[in-house]
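If you check TrEMBL, you get these features:
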type     : residues : note
TRANSMEM : 12-30    : transmembrane segment
TRANSMEM : 110-127  : transmembrane segment
DOMAIN   : 112-260  : domain '3-oxo-5-alpha-steroid 4-dehydrogenase C-terminal'
TRANSMEM : 148-169  : transmembrane segment
TRANSMEM : 206-227  : transmembrane segment
Amino acid sequence: MIQDDASLFHNSLLALFLIAPPTFLSLTFLQAPYGKHHRPGWGPNLPPPLAWLLMESPTLWLTLLLFPHGLHSHNPKAQTLITPFLLHYFNRTIIYPLRLLFTPSKRTASGFPLSVALMAFVFNLLNSYLQARSISHYHAHYTSSGFFWFRFFIGLLVFLCGTGINVWADRVLLRLKSEGKGYVVPRGGLFDLVACPNYFGEIVEWLGWAVMTWSWAGLGFFLYTFANLGPRSRANRRWYLEKFGEDYPKQRKGVIPYLY
């Protein structure tokens, strides 16, 4: 059984790295069909709050289910490491859908394709398994206390910066949505530099997570996050340019200020 789990873990880890390049390439040429890019042809739709709740839910229930069975599950360092992951996904799975639910806007409302939600659900099953097992069972850096805490606090600082950016940008977008004017050009703060500061914040978060965990699973998640959100941010930038023309600042990048 132990050998079977080790094989499953390593094969899942390999899969995480292998799916990043095709994800990046496919999203470079094909926009994910939800939000401002919503279009027919992707099957039935779910209300966006329900879709976010369902597709992100494995990050909570599967992580909490697997973590106690790890060799290091009672180690305070392992418990400390998993906490930022759970807090991020408590916001994404519970708080964010509730905010969507109570921020109605008929002008920009659109369904969320069930097919896309199912793909995200499967990815979150994979990733939650990897992060939970990596930290609770396969992590090999709990013995060197000094280096562990140095990495943790550096990574945590980066993670919290990303969290702040991500939450702030979500609030700005939801506020604009609540005004009922349809899509408008967001302005102020990082919106003056990139089209998607919410995506930028999430990429920064998982960079911090990779540093905190100092693991292949953490690095793989960071690389996949960029592969997923980088092309989508550039697609959003093109959408804004096509819709608003001269009213949209052309110097704004997609997701990385001044670079990408």
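In case you wondered, yes, glycine gets a Cβ from its N, Cα and C as well.
For the transmembrane segment (206-227), same-chain residues at least 6 beyond its ends with a Cβ under 8 Å from one of its own Cβ atoms are 13, 16-17, 19-21, 23-24, 27, 81, 84-85, 127, 130-131, 133-135, 138-139, 141, 151-152, 154-162. Taking Cβ pairs closer than 8 Å, the transmembrane segment (148-169) reaches residues 77, 80-81, 84, 88, 91, 141-142, 189-191, 196-198, 200-214 in its own chain, all 6 or more past its ends.
With DSSP states grouped into helix (H, G, I), strand (E, B) and coil, the domain '3-oxo-5-alpha-steroid 4-dehydrogenase C-terminal' (112-260) comes out at 112 helix, 4 strand, 33 coil.
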